Amino acid sequence: MKLTDTFIQRPVWAIVVSLFILILGLRSIFELPVNQWPRTENTVVTITTSYYGADASTVAGFITQPLESAIAQAQGIDYLASSSITGISTITATLRLNYDASKALTEINTQVNSVKNQLPAQAQEPVLTIAVGQTTDAMYLGFYSDTLPTNNITDYLVRVVKPKLDSIQGVQTAEILGGRQFALRAWLDPDKLAAHNVTAQDVSTALANNNYLSAVGSTRGQTVTVDLTAGTDLHTVDEFKRLVIKQKGDALVYLEDVATVTLGAENYDSSVAFSGKRSVFIGIKAAPTANILTVASSVREAFPELQSQLPAGVRGEIVYDSTAFINTSIYEVVKTLVEAMIIVSVVIYLFLGSFRAVIVPLVAIPLSLVGTFFVMYLLGYSINLLTLLALVLAIGLVVDDAIIVVENVDRHIKEEGKGVLEAALVAARELGGPIIAMTVVLIAAYVPIGLRSGLTGALFKEFCFSLAGAVTVSAVVALTLSPMMTSKLFKPGQEEGRFARKLDDYFDWLRKRYHRVLAGGLNIWPVLVTFGFVLFLLVAASGMTAKSELSPTEDQGLVFMQIKGPPTASPQQMERIADQAFQIANKEPEYAQMFQLTGLPALNQGLGGVLLKTWDERTRSQAQLILDLQQKWNQVPGATIAAFPLPSLPGAQGLPVQFVITTTDSVENLNEVAQAVMAEAQKQQLFWFSDMDLKVDKPQAKLVVDREKIAALGMTQADVGAALSAALGGNYVNYFSTAGRSYKVIPQVLQVDRLNPDQILDYYIRTPSGSMIQARTVAHIETSTQPESINHFQQLNSATLSGVSGVAQGELLAKLNTILTNVAPSGYTSDFSGESRQFIQESGGFVGLLLFSILIVYLALAFQFESFRDPVVILFSVPPALFGALAFITMGYASINVYTQVGLVTLLGLITKHGILIVQFANELQRAGHSKREAIEEAAAVRLRPILMTTAAMVLGVVPLVWASGAGAAGRHDMGLVIFSGLSIGTLLTLFMVPAMYMFIGETHHKDVEQPGSVPVAVPDRSR
C-alpha cells in the first residue's frame, strides 16, 4: 500500500500528524529569540597607547610599528589598520567573521606583552578593548542640565547610572560619551614657577612622592588584630594646595604658590550635544548573544526610574534607539506576510473556482508556515528579518504542493470520471514522486549557500534552510493531509457553479490553444533549443554588465554625519561647526532629533546623526535627504561634513566606500599619489562626497636644541625634553581618592601660557648648577607641515579614499583601481576596508555558487529520475528564468547584491519545479505506450493549469515585496523583483523550451517494461 493511500484511508492519522506539526510549531514560536539579523560575530580588537606630547611620526615609529609587527602574528585577523596622531597610537585588528573572539584577544594580548619592553618609558600601558557583534551602539541615552556643569553630570552617571545599566541582562557595555571625568588639575604658572625657582618637573616629583597610597599592613596580638593605614595620600583640593613643593630657606613653597589647584576635568577636547543642548551620552551596546530587542526593552523599562533619581536640574532622554527600525521592519515583513496570504488565497480561488477546493491549500499554508518555526527551533535559528522574509516567499512555495494535489484530484474526477476516493488515491500516487523531487531540488539548491563562508553564508543560511524547512513541512502536509481532505471535501458529480464552469471552459480552451501552439513549436524544436542556448549567453552578458553592490541602501530613518575641521581646529571651533550642521538639519521637514559628538576620534573630528520622522510621516526618503543635506553641509566654511546612511548589513562601519592605497613608499610620495587619485575621481564625478584620511597640512613646531650650549651647561637632551614635557604634556602623575572613587592628578601649564609655540621658549629650565634659564637660551623653534595622522593598512603606509557615491559599488571600485593604475608608479597597490571590503569578499564567488547549486540540483534530479539526460531537460528551464530576472536588473530596477543573488538561487529551485512536473508525467505517458512526441505534448498540456496556478500564486504572492516601502523595504524589493520577473518570464518560455529540449535529449521510455505501481494513462486528443 502506498504511503499516501494510508493517510487517505486512515484520516485520523493524517489529522494527528498535522496536529503534531501545529502544536510543535506554535510552541516553538514562543521559544524562538527575536533579532534583527541571524547571529554573526563581527569582532574588532582595538589597541590604544598614549604617548603624551609625541608627534605623529614619533608615535608611528616608536609605538605603532613594534606593536603592529607583533599583533600581525596573531591568528584570525582579517586586516590590521592603524592611525598614529599626536600623543596616541590606535591599532584596530578586524577579525575574520565568526572567528573565536576570546581566542583572538588572548593571542593579541600575548603579542602586545611580548614587545612592551620595546616601547618608550614615558608611554602609557597599551589598552586593549574588544567589540563583538554590533559595530554601532544599540541605544544612546542623553543627559543634560542648564545649571550643573558637565563634570558633575558625568560623575553622577559614572557612580549611579552606568552601574545600573551595566547590570541589565544582555548589556555588554554602557559607555560614557562626551563626559568630562573629574580630575585634580594643577594649572602651572610659568612666571611663578620661575620666581620660586621651581620647575614643572619638581611639581610632578612632589605630587608623586607626597600623594602616595601605602598599604602598611596590620598588627597582631594574642587576642587582637588591628589594621593599620597611613595617611600618605591626599583627598581634597585644599590638601593639594598645601602640598609642599620645595623648601626655600626657612620658607616653604606650596603647590598653590605656583599653580591654580581646582577640581576640573581630565580633558576638555570633546563635547556632546543633543538637539542643540550640551549633553553627556551613554552608549548601550548589546552582548553578541543577547536579544537586542529584549535589551532595548529592558533599558526602556529601567529608564523612568533612572530619570526620577537624577539630581535636581538634570534631565535624561532616550536619544536614539536602533530597535525602532528593527521593530518597524519586522512589522512591515509580517504585514507583507499577511498581504501575501490574502493574495494567494484569491489567486487559488480564481484558478479553482470552488470554495471547497480552496479550503485545502488555505489549511496547508498556515499549517506549513507554523510547522516551519519548529524546524527553525531545531536548527537553533531566530525570528529575524531574513527568516521572516523566507516565510513570505514560502507562502507561494507551500501552496504549490497543495494546489497540485487539488488540481490533479479535480482533473481525475471531471475528465476521467473517477469516484472521489479513487481520484484521491490515484492523484496522490501520481504526485508522490514529483512532490518529493521538487522538495529535494529546492533543498539542494540552497545547500551551497549553507556551506558558503563569509557574510552571505552567515546571514542567509537561516533564510535558506528556513525556506527549505517550510517546503519540507509542506511536502509532508501535501502527502498526508491534502489528499485526505480532498477525499472528504470533494463530492462525486457535484453541481458546479457558473463561475467554476466558465473557469473550466476557459482553461480547457487555453489548454487546447497551447497544445496547438506547442505542436507547431515542436516541429521546429531545434530552433527553440538554439534559442535556449542564446538565452544562456545573454544571461552571462547581463551578469557582467549589471550594476553590483553589497546590499541596497535601506531607509533606516537615520542620516549619519562625519565632521572634519581644519587640522588646527580647537574644541570651541569644532563645537561651532557642529552647531552650524545642526541648524541646517533642524530646518528640514523630515527632522526629528539630532545628536553630535565633537573631538572624537581626534580633536578636529566629530560625528553625529539626524534622526528622521517615522516613515509614514515624511514624503522624502532617507536617500533624498542625504543628497539635500550634503549639498547644504558643503557650504559650512572651514569644515568637511559627510552625510551617509548606516550600513544595511551588519559588520561594516564608516562611509560606504573605503578604497585603500598602500605602499612602502614615503608618506610624502603616497600623499601625492593619493591626491592625484582623488582629483581624478572628482573629475569623473564618482562621488557626492569624498575625503582622504592622509592630509599633510598640519602645522608643527619643532624645538631645536643647541647641543653645544646644553653641553657647556652640563645638561643633556633628556633634561630639556623632560622639563618641557612635564609642563606641556598633560600627563597624569597618579590618582587621588574622594567619596569612594579615584581620580587622576594632572599638572599642566595654564592654557593662556601655551596658546602658541613661541611661548614654550619662555619656560624656565634648571641647570645642574641650580640656576634657572629660559628655554630660548638653548633652543629655538622651527616650523613645518606634517601629516595629521600617519596611517598603516596591513603594516604598510596607507591612504584611504572614503566617500558616498551614486555610482554602483562594483563599477566605482573598478574605476578607482583603474585610476590608481594610471597615476601611480610601481609599488602601489589597492586594498579595501569597511563595506567595500565586504563587497569584494562577497561578490567574487557568486558565479561559482550558482554553478555549484545547479550541479547539486542536477545530481539530485539524476538520482530521482535515474537518468543523466532528463535532469538536463529540466534544467533547461533555468536560463529563461535567469534571463527574465537579469533583464530587469540590467535595466536598473535593482542590482546584483546579496539579496538578488539569493533570489536567483531561489529562482533556480522554483523554475525547475515546472520541468519536473512536465518531464515526470511525460515519462509516465511513454511507459504507458505513447511516443516521445505524444508524451511531451500531452504532459505539457495536462500540467499547464497547475503550472500556471503555482506560478500565479508565487508571482502574485511576492507582489507585496516588489511594492514594499518603509523600513527595510529595499532588500525585500530586490529579492521580490528577481522572483517576480524571473518566474513570470521563465515560466512563459519554459512551457516551450523544456518540451523542445525533451525532444532533443530526453530519455526514450516507451519501450520500457511497465514499472510496478505505475498508472497507465489514456491520452485523449486535446489539440482540437
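From the backbone N, Cα and C atoms, a Cβ is placed for every residue, glycine too.
Annotated features in TrEMBL:
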type     : residues : note
TRANSMEM : 12-30    : transmembrane segment
TRANSMEM : 333-352  : transmembrane segment
TRANSMEM : 359-379  : transmembrane segment
TRANSMEM : 385-406  : transmembrane segment
TRANSMEM : 427-447  : transmembrane segment
TRANSMEM : 459-481  : transmembrane segment
TRANSMEM : 517-541  : transmembrane segment
TRANSMEM : 846-865  : transmembrane segment
TRANSMEM : 872-896  : transmembrane segment
TRANSMEM : 902-923  : transmembrane segment
TRANSMEM : 944-963  : transmembrane segment
TRANSMEM : 975-1001 : transmembrane segment
Residues from the same chain, set at least six apart from the ends of the transmembrane segment (517-541), whose C-beta lies under 8 A from its own: 876, 879-880, 882-883, 886, 933, 936-937, 940-941, 989, 991-993, 995-997, 999-1000, 1023
In contact by Cβ distance (the transmembrane segment (944-963), the transmembrane segment (846-865); 3 or more pairs under 8 Å): no
Best-contacting stretch, by C-beta pairs under 8 Å, relative to the transmembrane segment (359-379) and drawn from 333-352, 385-406, 427-447, 944-963, 975-1001: 385-406
Recorded stretches the transmembrane segment (385-406) and the transmembrane segment (872-896) touching, at least 3 CB pairs under 8 Å: no
Segment-segment contact (the transmembrane segment (872-896); the transmembrane segment (975-1001)) at 3 or more Cβ pairs under 8 Å: yes
For the transmembrane segment (944-963): best-contacting stretch of 333-352, 427-447, 902-923, by Cβ pairs under 8 Å: 333-352
Contact between the transmembrane segment (427-447) and the transmembrane segment (975-1001) (3 or more Cβ pairs under 8 Å, separation 6+): no
Within-chain partners of the transmembrane segment (902-923) [C-beta distance under 8 Å, separation at least 6 from its ends]: 393, 397, 400, 404, 430, 433-434, 437-438, 441-442, 444-446, 448-449, 456, 460, 463-464, 467, 849-850, 853-854, 857, 861, 865, 870, 873-878, 880-882, 885, 932, 935-936, 938-940, 942-943, 946-947, 950-951, 954, 974-979, 982-983, 986-987, 990-991, 994-995, 998, 1002-1003, 1005
